[in-house]
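Report on the structure given below.
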Amino acid sequence: VVKFRRTGESARSEDDAASGEHEVQIEGVRAGLEAVELDDGAAVPKEFANPTDDTFMVEDAVEAIGFGKFQWKLSVLTGLAWMADAMEMMILSILAPQLHCEWRLPSWQVALLTSVVFVGMMSSSTLWGNISDQYGRKTGLKISVLWTLYYGILSAFAPVYSWILVLRGLVGFGIGGVPQSVTLYAEFLPMKARAKCILLIEVFWAIGTVFEVVLAVFVMPSLGWRWLLILSAVPLLLFAVLCFWLPESARYDVLSGNQEKAIATLKRIATENGAPMPLGKLIISRQEDRGKMRDLFTPHFRWTTLLLWFIWFSNAFSYYGLVLLTTELFQAGDVCSISSRKKAVEAKCSLACEYLSEEDYMDLLWTTLSEFPGVLVTLWIIDRLGRKKTMALCFVVFSFCSLLLFICVGRNMLTLLLFIARAFISGGFQAAYVYTPEVYPTATRALGLGSCSGMARVGALITPFIAQVMLESSVYLTLAVYSGCCLLAALASCFLPIETKGRGLQESSHREWGQEMVGRGAHGTGVARSNSGSQE
């Protein structure tokens, strides 16, 4: 029997809770163990040391320090990064029709302006993850933000179409690194607060999209699109200035063998939060090769990686598809009217254009507001149902709403179904952002999130061909594609081998998932384990 203190959360008796200690029976070890005397000055074997009294890991320290002033500051800073990301994405739907009219661009060039941003994001997502795993989370995030800021402002001065095409592609390349802010953020959060905090950060995405539309209402009529591009970079500028306050992830420092820096970071957080540091010595994890793509395909993570790639692909494919479909369906009135409307559109010249009206901006605004209910619903169910079931539920509801669009419904019912569908698909996206950093170990966490984000960009690249091109041929086939894709994604969510609800973040890929103590049984009984991120 090994007795140790607990820093995680799991079921235990009232007596255990009062003493803060828990006993674990190690499999394969005889119940009656003889007392063993240690020589004078001999250290207690670290396999059986009390992690609070003798040694502790970064996970123990983060749990002991808890959520406080430091995490609130980090929440705002991470939120700024997400807000900037959302504004750079939302500006595409405002910039495209404006340039279509101002520069008399044909339709394919307008579409290419949107696609090139996603190409940049897709090509860079894994690269930023690799940089973050090899050189640090702060380093990767800082470079990507400064890159995006520079080319974002520079694109406002583009003289011709070819210039803005290249510059917006480079902006997309930088945006691909913004999801690494979630990796850094998650590694500083205690287990109880992790899901709620990552979900609440997603509120900043919704705020960013709403703010971009409101900004466009005031800036576009008077100052034009160039000033909109410059002003849209303000959150990035704020983040770039404040990110020098950011510490490097203590988990990354420990994994790369930099113990002193990790302890200094943890002491700084403890001081800011007014909480005591755990007693004892910080355990240095075994140093590993970091940021290697092959690590995502080890036998333990192979299925998880492949299923997550499909889930992220389906999320972006369906989310951005719905955004494009919303405009088409609103303009047509309902699904049954869209075929006749398409025939009328075919007769128009490809250079014919219309500037966005105030009514168009209001439609964009109302559509965007549906993201807030998605955050609240996901926030309420993610710790009740677990991560896997939450993602599955979001996909099923989206698929069901898509199928209901087959019925010729009125404008009000159409709006309601589209809002419910968007709320739940955005909720599924948020649940994936919670699950992915939790399931991968520190050595591959940034790369895992980056590769998943890259697959999401592939979905975003493909979806215009379904939501716009296929829609001209058959609206019902288009809806069936989105519905079928999300049903498959719901199944993929259920088949994920690991549920991360109530678990600590895994430090090393050399241990079983969630394992924090490994001891050796006496008399050749082999390896005995106390297995769980929360030390169940």
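Backbone N, Cα and C define each Cβ position, glycine as well.
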Range annotated as region 'Disordered' - as stated in TrEMBL, picked from 495-515, 516-536: 516-536
Ranked first among 198-219, 225-246, 300-320, 479-498 for CB pairs under 8 angstroms with the transmembrane segment (390-407): 479-498
Result, the transmembrane segment (413-435) in contact with the transmembrane segment (364-383) (3+ CB pairs under 8 Å): yes
Cβ-Cβ under 8 Å with the transmembrane segment (447-467): same-chain residues at least 6 beyond its ends: 111, 114-115, 118-119, 121-123, 125-130, 132-133, 176, 179-180, 182-183, 291-293, 295-296, 305, 308-310, 312-318, 320-321, 324-325, 328, 432, 436-437, 439-440, 478, 481-482
Recorded stretch, among 108-131, 143-164, 198-219, 300-320, 479-498, maximising Cβ pairs under 8 Å relative to the transmembrane segment (74-96): 198-219
